[in-house]
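Trainee: Dumping what TrEMBL says about this protein:
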type	residues	note
DOMAIN	43-294	domain 'G-protein coupled receptors family 1 profile'
TRANSMEM	27-51	transmembrane segment
TRANSMEM	63-90	transmembrane segment
TRANSMEM	96-124	transmembrane segment
TRANSMEM	145-166	transmembrane segment
TRANSMEM	204-230	transmembrane segment
TRANSMEM	242-264	transmembrane segment
TRANSMEM	276-296	transmembrane segment
Amino acid sequence: MQPYTKNWTQVTEFVMMGFAGIHETHLLFFILFLTMYLFTLVENLAIILVVGLDHRLWRPMYFFLTHLSCLEVWYTSVTVPKMLAVFIGVDGGKNISYAGCLSQLFIFTFLGATECFLLAAMAYDRYVAICMPLHYGALVSWGTCIRLAAACWLVGFLTPILPIYLKSQLTFCGPNVIDHFFCDASPLLALSCSDVTWKETVDFLVSLAVLLASSTVIAVSYGNIVWTLLHIRSVAERWKAFSTCAAHLTVVSLFYGTLFFMYVRTKVTSSINFNKVVSVFYSIVTPMLNPLIYSLRNKEVKGALGRVFSLKFWKAQ
C-alpha cells in the first residue's frame with residue numbers, strides 16, 4: 001500500500017512495466033512469446049475442430065476437452081496481446097485505463113476459476129468411467145455434461161465479482177506503474193493508497209475456496225480411481241484404465257501447482273520477478289502444453305487428428 005498525501009491526484013491510467021531489464025533481448029522474448037501464443041491458438045483450435053468433426057470423439061470426456069480448449073484460447077488472449085504490445089513498444093501499448101485493468105483482471109480470474117471447475121468435472125467423468133462403468137451412461141449423460149459445463153462457467157463468472165467490486169472502491173494516488181505484464185491482483189493492490197488488508201483477505205479466501213473445492217473433487221475422484229485400480233488383477237487392464245486419465249492428471253498437476261503458489265497467500269512476496277515467471281508458466285506455458293499432453297498421450301485424439309487432417313477425410317465430406 002502506498003502512503004496517501006494530499007498532493008497526489010487520483011490515478012485513472014496505469015503503465016505496464018512488463019519484463020523490465022531485458023531491453024537487449026526484448027525482440028527475442030517478443031518472438032518467443034508470439035510463437036508460443038500462436039502455437040497455443042493453433043493447437044486448441046485444432047482440438048475443437050477435430051472433436052467437432054470426428055464422431056468417434058463425441059463422448060463426454062472430449063466434450064469437456066473442447067470446453068477446456070475454448071477456455072485456453074480466451075485465457076491466453078486476455079493477457080498475451082497486451083504483453084506483446086509492451087515488448088515492441090507500440091504507441092500507448094504500455095498504458096491501460098483503470099476500468100480496462102479491472103476488466104482484464106475480471107476476465108482472467110473468471111477464466112482461471114472456470115478452468116479449475118472444468119478440470120474437476122473432467123476428474124468426475126474419469127471417476128465414473130473407471131469406478132462405475134456399468135452406470136456411466138446414466139450418470140454422465142449428455143444432459144448431465146451440459147449442466148456440469150454450464151455450472152462451471154456460471155460459478156467461474158461469479159467468482160471474481162466480489163473481489164473486483166472491492167478493488168473498484170480503492171483509491172490510487174500514484175505511482176501508476178504496474179510491475180507485471182498484466183493486471184494481476186497483487187501488483188495492483190501494492191499501488192493503492194487505501195487500506196488493502198480486507199481486499200487481500202477476500203482475495204485469499206476466494207482463491208482458497210475455488211482451489212479447495214475443485215481440488216477436493218479431483219482428489220476424491222482420483223483416490224477412488226487408485227483404489228479401484230489396485231483391485232484390478234491384470235496389470236495390462238490396470239495400465240489401460242490409468243492411461244485414460246494420465247493426461248488429465250498431468251494437466252491438473254501443472255495448473256494447480258502454480259496456482260496454489262501464486263494465489264493462496266495473504267501477502268505479496270518480495271520476489272516480483274519470480275512471480276512473473278510463475279505467471280508466465282500458468283498463463284502461457286500451461287495452455288500451450290495442455291493440447292500436446294492430451295494429444296500425445298491419447299491414441300484416440302492422435303488418430304482423429306490424422307483422419308481430420310488427411311486428404312481422404314476432406315474428399316469424403
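Backbone N, Cα and C define each Cβ position, glycine as well.
Keep in mind that what you see is a predicted model, and the values were worked out from it rather than measured.
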Trainee: Can you work out which residues elsewhere in the same chain, 6+ from the ends of the transmembrane segment (96-124), have a Cβ less than 8 Å from its Cβ atoms?
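Mentor: Distal contacts: 11-16, 61, 64-65, 67-68, 71-72, 74-75, 78-79, 82, 140, 148-149, 151-153, 155-157, 159-160, 163-164, 167-168, 172, 178, 182-185, 188, 210-211, 213-215, 217-218, 221-222, 245, 248, 251-252, 255-256, 259, 283.
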Trainee: Restricting to CB pairs under 8 Å, which listed stretch, 204-230, 242-264, 276-296, is in contact most with the transmembrane segment (63-90)?
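Mentor: The stretch with the most contacts is 276-296.
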